[in-house]
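Here is the structure we will look at, set down as structure tokens.
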Amino acid sequence: MSGGVDSAVAAARAVEAGHEVVGVHLALSRMPGTLRTGSRGCCTIEDSMDAQRAATVIGIPYYVWDFSERFKLDVVDDFISEYSAGRTPNPCMRCNEKIKFAALLEKALALGFDAVCTGHYATIVEDADGRPELHRASAWAKDQSYVLGVLTEEQLRHTLFPLGDTPSKDLVRAEAAERGLSVAAKPDSYDICFIPDGDTRGWLADRVGAEPGEIVDRSGAVVGSHDGAHAYTVGQRRGLNLGVPAPDGRPRFVLEVKPRTNQLVVGPKAALAVAEIAGTRMSWAGPERSEGETFDCEVQIRAHADPVPATAVLMRGTEGTEWIVRPATPLDGVAPGQTAVVYDGTRVVGQFTIARTVSAVPVDA
Amino acid sequence: MSVYIDHAATTPLRPEARDAALAEWELTGNPASIHAAGQAARTRLESARERLAAVLGCDPIEVVLTSGGTESINAALKGFFWQRNAVSAAPVVVVPEGEHHATLDTVDWLAQRAGARPVLVPLARDGAVPVDAVARALGAEPGRVAWVSVIWVNNEVGTVSDIDAIARLCAQRGVPLHVDAVAAGGLALDFAERRRRTGSRDGAGLVAVSVSAHKVGGPVGVGALVLSRDVAPEALLHGGGQQRRLRSGTQDVAAAAAFAAAAEAAARDAASESARLRSLRDRLIAGARRLVPGVRVNGAVGEGHDATASDAIAHLSFPGCEADSLLFLLDMAGVQVSTGSACQAGVPEPSHVLRAMGRSESETRGALRLSLGWTSSEADVDAFLAALPEAHARAVAAGLSDRVVAGRGPAPGWVTDDAGAEGT
């Protein structure tokens, strides 16, 4: 229970479904702030008090479990090192993968619980053989199946998402108000919880350091300089301050961040288009596909991106089995480190971390 | 079934205290008013103060009523520091590392905002405040020490420190001593007699003692600072000038009456309760040792310790598990215990007291405090022992988290007396 409205209503519904429920708030920071600021949805003393109050209104015991050290190692430090390596990680996804449905679930099972129940918007249904399938939520606008794409079948067996079939968040808020939960009108959270003021670049600059470096075009020619490569993401146009104009005079965009040489590669907007993505770090939300089998799917590469029809194939590569996904229309602004979640209709098939991309436009175009 | 073994956190209200408060709440009157109702309230307030003074062994004028232990400690430590440093620079304050956070965080504030230089004294292995380490700290900068503050009975591990020896030292060096007696409910303070036998006088030696009502069966929200008549610390609260101008604010007659009733009942039963609680405590410890091989008893309980131990506290380190798992599982089984301290968000914290006693990280991880009180019974102890084996087995299965226990190190600029860790 984060202290937000979703987990509070999820807990109440779990109680009504007949489960024996204990509210658990995760302490993810050793030095939590006192009051909620901006749009962070957890992690302050005020949030833990909101969660506790919700638990007492629902009538369930409530505890705070400390995962701050795990969170620092597996989520915060990982976020910093991924950025340092020129990749763009999703910390909420990492938290689901390493904390909520791993460390928390493992501890809960050992202590005698059967499942972790959260306020995520996604649906778990059983197939004909009783195996769990992860699907998108009914509330399409709130759907969180993307950030849950890291869950495996075994984790799904021990997971409940009571909000998955609610058509809208407004209904959840109305239900919270009806239940007398004071968090009914609490603002949504959308910032990264461990970056208090929402200034991700400033926060990263404090931790990664900012080394000036070169901006080059796709031929390798130096066209400008930057104050620190981590401040840029693939697809970015603003703040490049290029000294040498493009031959055609059109705006240029960040195509690649190269941490080893501390370089940014820039080029025309058309060069952002990606025709193929691939990666070997993967998980399956259900049955695994076999190598060599080509199948139609949809691929989503960001939490709030639209899914794109694609064909996928698993190939044996030098570093093991590799996902290769070719979208029907090129994808824009794909950065290594992002997670590609593969869907079959509304069902999550699995996910992989994008390790390499193939541009839709040849270098000399 | 619900079994409460956390009396050091708070103990049930005694019927005498409840009756006294209820009777008082029927009446109207501000003790500071001049009319008859005010005078009647004043009479009842001062009667309560006299009864408290009798229990504490001091004069009524030496009982300054406060909102509880935390306020008393803040009033003493800040008040003496401000008063002493208004005369000439005495930035040094001497504090054992295992004090309650009411003391440690006040010291931290004084260091950050008022120029204090804390000298931290590590605890002996059994949790006692080593007298020789206090002597060294006092000797390091003669004339520049604002005060010494020492917890009498450690609220986590229950070790009783030798406050007479420390009072004597302070008296000799001309330094005021504050004693945190919040967890020392079962002990006789004998304030005047203790001052006499330790040579405390003229503002040096034992001058102030913090006590709290709800640890002895009174209500939460009232306590006292016992303050000898030869000192005048700066006030924390300003206003109507009540209570020696040290603690302004309309005085709470009901709280004072309830506190007096609880304190009298606790003092009346002290001798018989001491033996009864010690027997319960020893039964609990023996049972835990029998059921969980490798359990370690922290503090000064048992043979081979210089210090004495509180009769009411058993502080045990359980091997191979996290205390918060154990606490949770026992709670689910209806047995309520504590890890000693929790952070603001409700996470059990690694005990800074055990760390100050030189215990390893693994020993701080599985540490539970079980504390007994006036309503404790053999049935409580047996319920704990019945729930313990399964809770421990499950907590071990849940395992140790990957948490790195960093502890709460001293703030920058703090001086730590490393030489005193083992005591003498």
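Even glycines carry a Cβ here, placed using N, Cα and C.
Some features that TrEMBL has for this protein:
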ACT_SITE  A:Cys95  active site, nucleophile
ACT_SITE  A:Cys193  active site, cysteine persulfide intermediate
BINDING   A:Leu26, A:Gly119  ATP binding site
DOMAIN    A:203-267  domain 'tRNA-specific 2-thiouridylase MnmA-like central'
DOMAIN    A:276-350  domain 'tRNA-specific 2-thiouridylase MnmA-like C-terminal'
SITE      A:His120  site 'Interaction with tRNA'
SITE      A:Gln338  site 'Interaction with tRNA'
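Helix, strand and coil content of the domain 'tRNA-specific 2-thiouridylase MnmA-like central' (A:203-267), in residues and according to DSSP, is 9 helix, 22 strand, 34 coil. In the three-state DSSP assignment, the secondary structure recorded for A:Cys95 (active site, nucleophile) is helix.
Mean model confidence for the domain 'tRNA-specific 2-thiouridylase MnmA-like C-terminal' (A:276-350) is a pLDDT of 93. For the recorded positions A:Leu26, A:Cys95, A:Cys193, the greatest number of Cβ atoms within 10 Å around a candidate Cβ is found at A:Cys95.
The recorded positions considered are A:Gly119, A:His120, A:Gln338; of these, A:Gly119 has the fewest other C-beta atoms within 10 angstroms of its C-beta. Looking at A:Cys95 (active site, nucleophile) and A:Gln338 (site 'Interaction with tRNA'), their Cα atoms lie 14 Å from each other. Annotated pair the residue listed as 'active site, cysteine persulfide intermediate' and A:Gln338 (site 'Interaction with tRNA'), C-alpha to C-alpha distance, rounded: 19 Å. Taking the C-alpha positions, the distance from A:Leu26 (ATP binding site) to A:Gln338 (site 'Interaction with tRNA') comes to 25 Å.
Note: the domain 'tRNA-specific 2-thiouridylase MnmA-like C-terminal' (A:276-350) comprises 0 helix, 43 strand, 32 coil (DSSP; helix = H, G, I, strand = E, B). Secondary structure at A:Leu26 (ATP binding site), taken from DSSP and collapsed to helix, strand or coil, is strand.
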